[in-house]
Amino acid sequence: MIRLFKVKEKQRETAENAKDEAVRRKQTAGELRLHKDISELNLPQSCGIAFPNGKDDLMNFEVSIRPDEGYYHGGTFLFSFKVSPIYPHEAPKVKCKTTIYHPNIDLEGNVCLNILREDWKPVLNINTVIYGLYHLFTEPNYEDPLNHDAAQVLRDDPKLFESNVRWAMKGCRIGDTLYSQCI
């Protein structure tokens, strides 16, 4: 009889320890680095960060950018970030959730930013990526495009490009594409 109580007690201890371990899940190195990056963010007032899945899911978040100069002045553009567990050894995956007329962002939301591809280095951080995205709005680059039509218009006729950007930000159609209203 005494032995039965000891077995039950041992089972109860094991169950409680398993609960504690689940609650105190060990963070990966990527999560620790991302937590540090987020706590040290130094964003301009025109940028914001949100965690749609709550603060417990740091690996997935959204950044909004509202440029205060350039072609995209006054628009608000939303980007989703998915960060790998091996961050910072792998760049975050960034997608633009706003359908936008931009030479460096295609209609599926893929972003052409060198530090998200071949120039990524582990010394870079989330702050650097957000500033890189912001820079795409202040100085779009027609020399390395994802949206070739927008790049050609920017290169050949900047006034028409500016007009197309304004129409697109109002949610109008340019060619066959209906853009997201972001003004």
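Numbering starts at 1 and runs along the chain as displayed.
Each Cβ is built from the backbone N, Cα and C atoms, and glycine gets one as well.
Please treat TrEMBL annotations as automatic predictions, because they have not gone through curation.
Taken verbatim from TrEMBL:
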{"type": "DOMAIN", "residues": "29-174", "note": "domain 'UBC core'"}
{"type": "ACT_SITE", "residues": "CYS112", "note": "active site, glycyl thioester intermediate"}
DSSP on the domain 'UBC core' (29-174): how many residues come out helix, how many strand, how many coil? 48 helix, 26 strand, 72 coil
If you count the other CB atoms within 10 A of the CB of the residue listed as 'active site, glycyl thioester intermediate', including all protein chains displayed, you should get 18
Mean predicted confidence [pLDDT] for the domain 'UBC core' (29-174): 96
